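Here is what Swiss-Prot records for this protein:
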- Ala2: N,N,N-trimethylalanine (MOD_RES)
- 16-26: compositional bias 'Pro residues' (COMPBIAS)
- 45-80: domain 'EF-hand 1' (DOMAIN)
- Thr66: phosphothreonine (MOD_RES)
- Ser68: phosphoserine (MOD_RES)
- Thr82: phosphothreonine (MOD_RES)
- Ser94: phosphoserine (MOD_RES)
- 122-157: domain 'EF-hand 2' (DOMAIN)
- 157-189: domain 'EF-hand 3' (DOMAIN)
Amino acid sequence: MAPKKDVKKPAAAAPAPAPAPAPAPAKPKEEKIDLSAIKIEFSKEQQEEFKEAFLLFDRTGECKITLSQVGDVLRALGTNPTNAEVKKVLGNPSNEEMNAKKIEFEQFLPMMQAISNNKDQGGYEDFVEGLRVFDKEGNGTVMGAELRHVLATLGEKMKEEEVEALLAGQEDSNGCINYEAFVKHIMSV
């Protein structure tokens, strides 16, 4: 018998390299609002009223306000933008820029127009419906303590002083708040 040939077994194939991790999903780019492309549709009288309100927030006499004041002026003029909407119309500035950078009325006006053009703002029925969720007994009231908690901890959180100022005089002797009357009150302020 012939001696067996020394047959070498093929070397075991190296394990396949692990697949490269999938790239992290790209964050959707925030659409920037091109304020220069916004057509001002306000009447001259409205613009004068807006300028008067704008100047009430000018603390230095320069006819300018800080970026952090823009939301306050917008709300004082009857719009109801979220803080996120305000930051978006401002171009998403840093917190440092919010307090340091100033704008003139001519820069503010397109921002006011952009916010006014946004038809996605809640109205009376939307707010009542949102509060109805907390009406455990279905009697048109919510507990003041629960509403305080919600306003201070959910969504755009309010400071405790802001919550107290908002709810002042709204609670009945049982600590309940008629939420339809409350919504009418806050929408008229």
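Glycine is no exception: its Cβ is also placed from the backbone N, Cα and C atoms.
Nearest neighbour of Thr82 (phosphothreonine) by Cα distance, taken over the modified residues Thr66, Ser68, Ser94: Ser68. Taking Cβ pairs closer than 8 Å, the domain 'EF-hand 1' (45-80) reaches residues 86, 89-90, 93, 97-105, 108-109, 111-112, 115-116, 121-122 in its own chain, all 6 or more past its ends.
The Cβ of Ser68 (phosphoserine) has Met98, Asn99 as same-chain neighbours under 8 Å, each 6 or more residues away in sequence.
For the modified residues listed here (Thr66, Thr82, Ser94), the lowest count of other CB atoms within 10 A around the CB belongs to Ser94. Secondary structure of the domain 'EF-hand 3' (157-189), assigned with DSSP and counted as helix (H, G, I), strand (E, B) and coil, comes to 18 helix, 4 strand, 11 coil.
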